[in-house]
Amino acid sequence: MLLRREMFRCYNSVTRLLSCKRCSLLRSLVLIFALSIVSSLFFLYRVMDTGLHVPRANPPVPHIRCDSQPYSSNLNVDVSSHHRLDDRLRVAHRALLITEVPNSKNGQRIRYFLNALRIEVKFEIKSKAIPTLTNKKSGRFAVIIFENYNTYLDLDTWSRQLVDKYCHDYRIGILSFVRPVDESTDSFRHVDNYHISFHYNLALMDFRIGEATTLWRIMKPGSIWKGALPDTWTIFKSNHSTYQPLAFSRILGRFSDADPKSYSYVPAIFDEGRIDGIPKVLLGSDLNFWLNSIVMMDALSYLSSGRLGLPLDRYIQVDVDDIFVGKEGIRMKVSDVEALVAAQERLEKEIDGFQFNLGYSGGFFLFGTDEEDDGDRKLIEYRHKFRWFSHMFRHEQPHKFPKEYIESAMKLNKQFAEENGIQVYGQYAVAPHHSGVYPVYEPLYSSWKEVWGVKTTSTEEYPKLLPSWKRRGFIHKGIMVLPRQTCGLFTTTVYSSDFRGGLAGLDSSIQGGEIFQTVLTTPINIFMTHLSNYGNDRLALYMLESLVKFVKCWTNFKLLSLPPVELGLKYFEMYPADKDPIWTNPCDYNRHLSIWPENKTCDKLPSFIVVGPQKTGTTALYSFLSQHPDIVSNLPTPKHFEEIQFFNTNNYYLGLDWYMDFFPQPDKPNTTLLFEKSANYFESDLAPKRVAALLPRAKIIVILMNPAKRAYSWYQHMRNHNDPTALNHTFYEVVSASDMASQNLRALHNRCLTPGLYAQHLVRWLDFFPAKQIHLVDSDELRNDPVNVMHLIQKFLHVQNYMDYSQHLRYDPAKGFFCQVLSNKQNKCLGKSKGHKYPSMDHRSEQHLHSFYRKHNINLSKLLSSFETQLPEWLTTELKDIETPKT
């Protein structure tokens, strides 16, 4: 279609030139030759575009059928109380997973599935000691999962008692898989204390869901999955009343359907805990079998008293992108439009509030064959039946154009809608190819707001396309960006044979596979499909109706739909932490790089950051680094001078462009190192995660000063800045202030003491950066021997052009520290606010701080020793004083 449009444009241009009376003979000949080339290309296009189409097949019809057995009367029991969240239980939204070996397949499946459910996982290997289970009076885990139940049964006495006591104290349960054993071992195990037997390595067929009403929440009891089950299984046998069979199966090939004894093998079982007080769910195979995913979700909810349960509501939004866009032969015809309307009427009965969202590009209206143009007209005729939202007028990628062009294109689309009587839902818009949504292109967001008043959009690219279960939403410039889901249907998927694996592959994805798992684990789903998926084999309609039928066969989900803005509000009500974006580096991901403006460059991102803390000499280090010809700092900011303070303040919401504008374009990108210094980053809860997301390979420089000395320096700094609280209170009153002190006094107390909790803050940085990317500077050494400090920093940074700082730094007796040496042999020292000489700290404050920081300094020494870093001299002195307390 785009090729045809360009050829028509060339054709018209050539025709106009030929009609010019002033054209010379030579120019006319050239133009005639050009016209012949264009005509030839157009002829080839028509042959290739229309002559090679596969004849249209009959679109497949959904054929999902629910197999189930009659329920018994006890299914009317209300099970909600067994999954209701108990606020009295102080446990984290986290699971402990104990696996047999690192990177086992089932262990990885379990971790990925928990991540898809947004459940944090603590991963441990069975050979190691049980990790700490409590934190003060709170439990660290809402459920304990064993990859192999035999691991739990074979725990040493001490570890077993720890696990059991924790489960009792915090009223949580155990979920475990009973893996088939190696064929060389015994295929049977009886556990006397639990009155249960395991029979391993059995081939099973058919899976009938039992009626264990106290466990099921998502699962619909009585349903039957027909066919051979994957892999081999363990089955369970017991006659104790604590056990409820969760499912029944048959030995593969042994029984006929008519045999009443055929469903007598139990591949999943629920232990209510009547023996040891600990409820357990045991599965006879891994997550390779799709129904075990539902069993696991219900088990997680029940065993955590609702803590790890998801709501039963599933919101479904379907965006039909590229309306009117598509080359001849694959667009919608009248019959396709009528099928779309009929399908929507059927889906409205299954999904409360359902309506297709049509994303249109008016520039391609009536751009198909005669039959397809009739289809376009039919869409306009049925315009009131759908919810319309705007693409770009000619389906352009916004990141390739300036703001003026983007706005003009949007206005053309708006004009098209007005001319054709389309009531556009202007508060929602989607950019073609996700261009400009993420990575963020600021002109797109501002144009959306100005032309349409957009409040919501969606993308599958944040933080990146894969893995799909990591997609998140965020809010930027007041526009809610929701995560979109893919269903394997794209503009090229127009026939069943185009889908990977054909129609059987699509069925597999719907019936327990990727598409079903998406709905299972994701409460809010925005599916992206295309105009061409609704013509030809109408695969989108086949997929949607089959998926809805299958979900209702196997689950108790309530399917709902909301307008996009309401859906956005619902999403961020459910996931409030997602409101804050996490910017990543577009140059680290080819898909993002392809939808980022060509004039952008990642050469303007820093290679290293000095993160603080304050009053440890960060400004001096900043000035020394800036002397190096191959080390370039950020440009100054009006508010924070040499500091950008991007990762720890609301500046972060201004976006990546705002941050990068503070860095110059380096003349030698391969050798120049950009850096910034913001001393508040070190103690920030958010900064380490944000820095790691954008600059995962950045090097981090931290300066450590005796925390008591640092606290005193901050107090004096505030006095020099005429802070009323510092002027009206002694240093001892500040550092010893209680929680009952005034708000201003407590604030100054915290600003003096909190940055000095070095181990606590450093661990947070080590969560996101390996130790080899972090360099520690001793503040005393920076003051007394900066030449050596700069030597070590250059070595750490791998600076190519080594600089001998002994020729550029000189001690200034008047200031009491080293200053830069200028070309005229004069010293250039830091400003008046630096180098103040304060009276010595009083003895009582010194003793108080020595006691306050004792355990924190011990923790710091252990942390530094763990990655073989030399201790600062002040820390060594403090540790000696701890061993021999002062009298």
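All residue numbers here begin at 1 and follow the chain in the order shown.
Quick reminder: no glycine exception, Cβ is built from N, Cα and C everywhere.
Heads up, TrEMBL stuff is auto-annotated, nobody curated it.
What TrEMBL records for K615 is active site, for sulfotransferase activity. Look at TrEMBL and you will find S713, K834, G835, H836, K837, Y838 tagged as 3'-phosphoadenylyl sulfate binding site. What TrEMBL records for C819-C829 is disulfide bond. Among the features that TrEMBL reports, domain 'Heparan sulfate-N-deacetylase N-terminal' is placed at 94-303. The feature domain 'Heparan sulphate-N-deacetylase deacetylase' is assigned by TrEMBL to 313-516. Annotation comment: TrEMBL describes 607-856 as domain 'Sulfotransferase'. According to TrEMBL, the transmembrane segment annotation covers 25-45.
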Sequence-ordered, the recorded positions among S713, C819, K837, Y838 whose CA is within 10 A of the CA of K615 (active site, for sulfotransferase activity) come to S713
The one of K615, K837 whose CB sees the fewest other CB atoms within 10 Å, among these recorded positions: K837
Other C-beta atoms within 10 angstroms of the C-beta of S713 (3'-phosphoadenylyl sulfate binding site) total 21
Between the C-alpha atoms of K837 (3'-phosphoadenylyl sulfate binding site) and C819 (disulfide bond), the distance in angstrom, to the nearest integer, is 16
Can you give me the Cα-Cα distance between C819 (disulfide bond) and Y838 (3'-phosphoadenylyl sulfate binding site) in Å, rounded to a whole number? 20
